[in-house]
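**Student:** One structure is given below, represented as structure tokens, and several questions about it will come after.
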2 protein chains.
Amino acid sequence: MIRVGINGYGTIGKRVADAVAAQPDMTVAGVAKTSPNFEATQARKRGFDLYTAVEDRADQFPAAGIETAGPVDDLIADSDVVVDATPSGVGAENRSRYAAHDTPAIYQGGEDASVADVSFNARANFEAAADADHVRVVSCNTTGLSRLLAPLREQYGIEKVRATLVRRGGDPGQTDRGPINDILPDPITIPSHHGPDVNTIFPDLDIDTLGMKVPATLMHMHSINVTLERDPDAADVRDVLAGQSRIMLLDDDLGIDGTGPLKEYAQDMGRPRGDLWENCLWGESVTMDGRDFYCFQAIHQESDVVPENVDAVRAIAGDADAAESIATTNDALGI
Amino acid sequence: MIRVGINGYGTIGKRVADAVAAQPDMTVAGVAKTSPNFEATQARKRGFDLYTAVEDRADQFPAAGIETAGPVDDLIADSDVVVDATPSGVGAENRSRYAAHDTPAIYQGGEDASVADVSFNARANFEAAADADHVRVVSCNTTGLSRLLAPLREQYGIEKVRATLVRRGGDPGQTDRGPINDILPDPITIPSHHGPDVNTIFPDLDIDTLGMKVPATLMHMHSINVTLERDPDAADVRDVLAGQSRIMLLDDDLGIDGTGPLKEYAQDMGRPRGDLWENCLWGESVTMDGRDFYCFQAIHQESDVVPENVDAVRAIAGDADAAESIATTNDALGI
């Protein structure tokens, strides 16, 4: 069993902990948190050993009646791999700590690519993480783009990608985020950071991305154009995409016209926290105009990187190949 | 003086009436309305003769204490040109009425292109309306696209246009519109109607458009890609765009990061109703990658077609050419 420590138990960390716990070849060594809020209570209720991430706040946990297992360094020492799910920028600060314990670490996409030896997407470059001690799972949007572009590239070749990412202003739990009733070019300058970030996965890909921010919290929405090297029928492309395990191709007759019904669908399927781990791609939107491919896909910012973190653990500490790891992860989660 | 009747006194009609009244060579023959709401009261306060658009509701006006001048047919007979600013689809129903009075008519972009002899954008095809009896001013989004594409086409040639239109869900006054907290591909199928609508202005242009709808009311936002036939510097393109009278190139130092501050800016400039008649294009967003041009522009759905309607009146009933008409309209409005 691979012992996985999870440092940071917020939006991503708590989901990764549950996903790791569901794997047949992994166990949660423990989770670390900075402060004793409702998530800390729930971590204990789930049976996870809870470590304190910040020394001078450690006392707050017993004061709040929450049992702790020790400082985060004990967790790092006791883990085969640590998943760092701390806020953007904190992962880079933690790097030396993981190195000191000689514990391989996985970082999130909010960190700069330079934090790690390799940026990771299971579908695109699983093998690259095999010998790495520091691996960065790319962000939710970059993950969504990589999953879509990998099969298009393999099947048809890609001349150029142009994508507009219409991003949710904040997550449902982030009560201090905006905008309200506005549409922001974000950033105003072009390209947004997403294109260069995709290049950490596909170094030679020609891609331009534009970002916006809107008053919504549920999911991001991508408007995608890919100029292919060949001109397949839209039906062929749709079949290729439908064959990808982490692309949920939405059938026309589902009656899902936006991210609200999508989340409702996830809840009705019994998905934990209503999570959508896959790219949600509208089948009806798959269009070819000459060599130009178009589609719309929605990306659940809180959860699409979760199976990627699990695969990254296996890439570092297991002996499965990409196909085996993805299949195991999917099977355990119910993808 | 060109006598202009305005049938429909809602979002567009009331603005066109004010814009016509401001022109040195035009007068408002009257405005027609279906029901006596707050806009009817304001029309009378502005001194416009108010005609009743629907016969069996004509009694409602005197009952509400609002003086009327007669049925809409009297207004049509008394006008040199009628601007039809009725809701989408009603313009087509009114067509035979205008023809019966032999009064040339201008329709809005919500009507099918087949309602008119010609679809119109002042910058792109002013002359086409000279001999037409039925002219359709294209929609707010198509107007915004046409104003941008006309100079790019003239200066650099256009190989292909790909645009994502992130549209406001409804106007500020439309309390029954959505979405709330959602991002909709709208339509899910590609292209949206905007591409073909641009082709009513530029018949041979290769353009693909994708539409979305978001929970905002102030303006639309366009994410634009144009593959040019040449590869000018971004600074050159920016200069060309800055030279267009109906493109407001937003300087980097204005500190305007979205549609909210844009509307605030319009109000501070003393614009009537906070209107933004021009394309609002972020200068910082003007980017060239090889022959690929990119930019963000915001379009005020309630007002950008207003100067176009005024120019359409002059194209039909006046003897100015495009440059003279646009200059006169702009000067009268303060563009």
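Yeah, the Cβs are placed from backbone N, Cα and C, and that goes for glycine too.
According to Swiss-Prot, the record shows the following:
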- B:THR11, B:ILE12, B:GLY110, B:ARG168, B:GLN301: NAD(+) binding site (BINDING)
- B:SER139, B:CYS140, B:ASN141, B:HIS194, B:GLY195: D-glyceraldehyde 3-phosphate binding site (BINDING)
- B:CYS140: active site, nucleophile (ACT_SITE)
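What does the local environment look like for each feature on the list?
**Tutor:** Long-range neighbours of B:ARG168 (NAD(+) binding site) (same chain, six or more residues apart, CB within less than 8 Å of its CB): B:LYS213, B:VAL214, B:ALA216, B:THR217, B:LEU218, B:MET219, B:HIS220, B:GLN301.
In sequence order, B:LEU165, B:ARG167, B:HIS194, B:ASP197, B:HIS220, B:HIS222, B:ILE299, B:GLN301 are the residues near B:ASN141 (D-glyceraldehyde 3-phosphate binding site), counting only same-chain partners six or more apart with C-beta under 8 A.
The Cβ of B:CYS140 (D-glyceraldehyde 3-phosphate binding site) lies under 8 Å from the Cβ of B:GLY109, B:HIS220, B:ILE299, B:HIS300, B:GLN301, B:GLU302, B:ASP304, B:VAL305, each on the same chain and at least six residues away in sequence.
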**Student:** Rounded to the nearest angstrom, how far is the Cα of B:SER139 (D-glyceraldehyde 3-phosphate binding site) from the Cα of B:ILE12 (NAD(+) binding site)?
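**Tutor:** Between the Cα atoms of B:ILE12 (NAD(+) binding site) and B:SER139 (D-glyceraldehyde 3-phosphate binding site), the distance comes to 11 Å.
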**Student:** How many whole Å apart are the CA atoms of B:SER139 (D-glyceraldehyde 3-phosphate binding site) and B:THR11 (NAD(+) binding site)?
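**Tutor:** Approximately 13 Å lies between the Cα of B:SER139 (D-glyceraldehyde 3-phosphate binding site) and that of B:THR11 (NAD(+) binding site).
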**Student:** Checking the spread of the NAD(+) site as listed (B:THR11, B:ILE12, B:GLY110, B:ARG168, B:GLN301): what is the longest Cα-Cα distance, in whole Å?
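**Tutor:** For the residues that bind NAD(+), the greatest Cα distance is 16 Å.
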**Student:** Quick check: with B:THR11, B:ILE12, B:GLY110, B:ARG168, B:GLN301 left out, which same-chain residues have Cβ atoms within 8 Å of the centroid of the NAD(+) site Cβ atoms?
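**Tutor:** Neighbours within 8 Å of the Cβ centroid, excluding B:THR11, B:ILE12, B:GLY110, B:ARG168, B:GLN301: B:CYS140, B:ASP171, B:GLU302, B:VAL305.
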**Student:** Highest Cβ count within 10 Å among the binding-site residues B:THR11, B:GLN301: which residue is it?
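**Tutor:** Of the binding-site residues B:THR11, B:GLN301, the highest Cβ count within 10 Å belongs to B:GLN301.
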**Student:** Quick check for the class: what is the C-alpha distance, in angstrom and rounded, between B:THR11 (NAD(+) binding site) and B:GLY195 (D-glyceraldehyde 3-phosphate binding site)?
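**Tutor:** Spelling it out, the Cα of B:THR11 (NAD(+) binding site) and the Cα of B:GLY195 (D-glyceraldehyde 3-phosphate binding site) are 24 Å apart.
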**Student:** Among B:GLY110, B:GLY195, all listed as binding-site residues, which has the most CB atoms within 10 Å of its CB?
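**Tutor:** Highest number of other Cβ atoms within 10 Å: B:GLY195.
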